[in-house]
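Heads up: the structure comes next, in structure tokens.
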């Protein structure tokens with residue numbers, strides 16, 4: 001079993017490395033005179049990478065002929081040596097193991113079986129070392145016979161391209177035809193191709209045109225190929241070329257072009273429509289009113305049948321009526337029509353002509369060419385010669401008069417002028433009247449340039465439909481209603497000024513226009529009459545103004561309120577508006593400053609003399625039709641001075657801006673007061689003046705204020721406490737202090753006691769001495785500096801420094817309390833030492849001085865003692 005496995009392994013290795021030489025698997029069919037390439041390659045070989053190839057050929061039963069070799073340059077047969085030398089036969093190496101046998105112009109004698117072989121470089125002979133391919137060469141029978149197209153085609157016409165492509169059918173070959181267009185300076189572009197399988201392939205720029213029907217195939221019964229190019233443009237002009245090709249169907253479904261032939265069909269020129277388009281209008285006409293006008297427009301072009309025409313009749317350059325290329329009439333009416341009466345002939349009919357129908361008539365024609373797919377483009381446009389049409393008519397006649405209905409006596413009075421139309425004749429039914437008003441200023445004084453140049457200014461007009469058209473200088477007054485133009489009756493018009501100004505003095509005139517219905521449905525001017533000028537003037541009276549200022553509330557001290565009223569009286573003013581400026585100055589010779597102002601529209605503004613922080617204290621109001629009141633709260637020293645009102649009277653027309661009329665100043669009112677300021681006092685009190693050590697002492701520094709007492713938020717103090725050791729001593733030592741912002745500061749102390757400072761109420765500050773000692777005995781006093789917000793200046797001001805009386809604080813010395821502890825400690829120590837001494841003596845006597853050995857007394861001794 002193991003030997004069988006080894007054998008199969010060796011066999012598989014041998015098979016996998018067997019040499020394979022391959023060429024085309026199917027016979028090749030080619031056309032005489034065309035280039036031919038036979039490919040040969042080798043795979044799965046051993047030895048060097050670059051392999052050599054030998055080509056031989058065999059025809060019928062004859063022997064083989066050596067063609068060419070990559071190894072031996074003298075390998076070729078003698079009969080082929082000339083072709084090899086000329087390059088007609090050659091072998092080209094495409095790679096180490098791939099070559100091609102190339103025949104530049106194949107001959108019918110080249111039909112044979114070709115053998116490609118490779119010398120062995122393998123260690124073991126395995127596989128195949130040659131392969132054969134059959135080449136069949138047929139005669140070139142392809143013929144392309146085109147028909148020349150029309151050399152000149154009008155824009156929008158058709159070009160027909162016909163070509164007959166044939167060949168002798170001896171072998172299964174197929175034909176195709178391609179139409180191309182070549183223009184000067186542009187590469188040849190393919191238009192359409194009918195392939196060997198009958199499929200249609202369009203060029204890169206012809207796909208949409210073919211889909212829209214602009215390119216159509218026309219295959220004739222005799223087998224000729226035909227192509228129709230419809231709706232030609234200038235881009236279609238050029239040389240048309242037809243290319244016929246012969247194909248074979250090789251293995252694998254691939255089509256192979258074996259021969260082709262290209263033939264020029266002929267040059268085609270496209271004539272622009274604008275060159276051949278001609279438009280003529282007929283003819284000049286003079287008509288009476290209500291006659292019928294008939295004009296004809298004649299259109300001719302080289303390709304008229306393929307054009308879509310858009311015809312428009314113009315009257316003095318304006319469009320009257322149009323006929324679209326789809327046959328739809330625009331701007332027509334029952335009395336105005338446009339119709340097509342024949343090829344290139346269009347007729348305009350106007351029934352019941354009016355005076356507005358006169359003018360220069362011309363016919364404008366736009367020629368459109370269809371581009372396929374419903375798309376059109378304009379190829380040309382041309383306008384005919386103008387035709388003059390005259391209409392005789394009788395103009396309306398009437399008389400116009402201008403009369404004043406109301407004249408002003410003074411400036412500001414209303415003015416009304418009436419324009420009457422009388423004796424109207426020859427006025428057609430449906431006619432209307434319009435009016436225009438004019439104004440001419442009065443001449444100026446001698447030497448003034450206005451006396452020589454007086455310009456008439458339009459005020460406004462009403463047209464036939466009653467629409468108002470305003471003059472440039474009077475537009476604002478007309479839109480606001482200050483000037484009114486009305487038509488009170490069919491033949492009466494009025495001009496009214498609600499408030500006449502001095503600039504309105506001058507000469508006025510009205511122009512009445514008669515309007516009759518026009519052909520287009522509107523109105524046309526038929527006649528116009530202008531009235532003589534009517535002068536409107538009066539003796540102007542100058543207005544005057546008086547203002548009186550009165551003190552309503554007196555400012556007696558700083559912080560109080562000052563109030564002043566200003567009363568106005570006027571002459572020769574109608575419904576004026578007032579602007580008020582409250583002004584001040586410190587003295588008669590000082591500069592004037594504006595405090596506050598009020599515009600005619602009641603817009604309040606503060607002047608430069610106003611402190612931004614005090615604007616809430618200033619009030620200026622209108623308390624009556626001609627009375628204003630000014631109030632200044634919390635007056636200060638800087639407010640002292642003279643105050644008055646500067647009044648300006650303004651007049652205003654409806655919808656217009658204010659116009660200054662006259663100004664006046666009132667009398668002056670003075671603010672003058674003396675600043676006294678508040679008065680302060682200080683006192684000191686203590687709960688006790690005698691205490692023992694370690695107790696807490698409390699002393700209060702009380703301040704009082706009299707006079708103009710400020711608010712609690714506008715008052716503050718700086719307080720300092722001092723200690724003097726001896727009675728009647730100097731200022732003493734600073735103990736603690738608090739500034740007006742509430743910041744407490746204590747001085748360094750050597751004693752064991754401590755101090756604290758507190759504010760018990762608005763005007764009281766307390767000093768606490770904690771754990772007093774005998775060193776705290778002495779005289780205590782406080783000093784205070786008041787700070788207050790001055791009502792006169794509006795700034796913080798400090799008052800005079802205040803010093804309180806002195807309080808003597810005594811810290812007593814306690815004798816018994818001072819001695820009881822030392823006596824107690826001494827007694828306890830004495831007793832302790834005595835007891836300790838007794839105990840120590842007892843211990844020593846008992847333990848150290850006692851004789852433990854007993855000696856009996858002898859009798860002899862006793863006797864001796866006794867004897868002694």
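Using the three backbone atoms N, Cα and C, a Cβ is placed for every residue, glycine included.
What TrEMBL lists as signal peptide is 1-18.
Sequence annotations record features per position, and here TrEMBL assigns domain 'Ig-like' to 32-126 (among others).
The domain 'Ig-like' annotation in TrEMBL covers 146-243 (among others). Secondary structure of the domain 'Ig-like' (146-243), assigned with DSSP and counted as helix (H, G, I), strand (E, B) and coil, comes to 8 helix, 49 strand, 41 coil.
The domain 'Ig-like' feature in TrEMBL is assigned to 272-365 (among others). Mean pLDDT for the domain 'Ig-like' (272-365) in this predicted model: 86.
Annotated domain 'Ig-like' per TrEMBL: 396-530 (among others), in sequence order.
Residues or ranges marked as domain 'Ig-like' by TrEMBL: 543-663 (among others).
Feature annotation from TrEMBL assigns domain 'Ig-like' to 678-803 (among others).
Long-range contacts of the transmembrane segment (823-848) within the same chain: none, as no residue at least 6 residues beyond the stretch ends has a Cβ under 8 Å from a Cβ of the stretch. For 823-848, the entry in TrEMBL reads transmembrane segment.
Most Cβ pairs under 8 Å to the domain 'Ig-like' (396-530), among the stretches 32-126, 146-243, 272-365, 678-803, belong to 272-365. Among 32-126, 272-365, 678-803, 272-365 has the largest number of CB pairs under 8 A with the domain 'Ig-like' (146-243).
Residue counts of the domain 'Ig-like' (678-803) by helix, strand and coil are 6 helix, 71 strand, 49 coil (DSSP-based).
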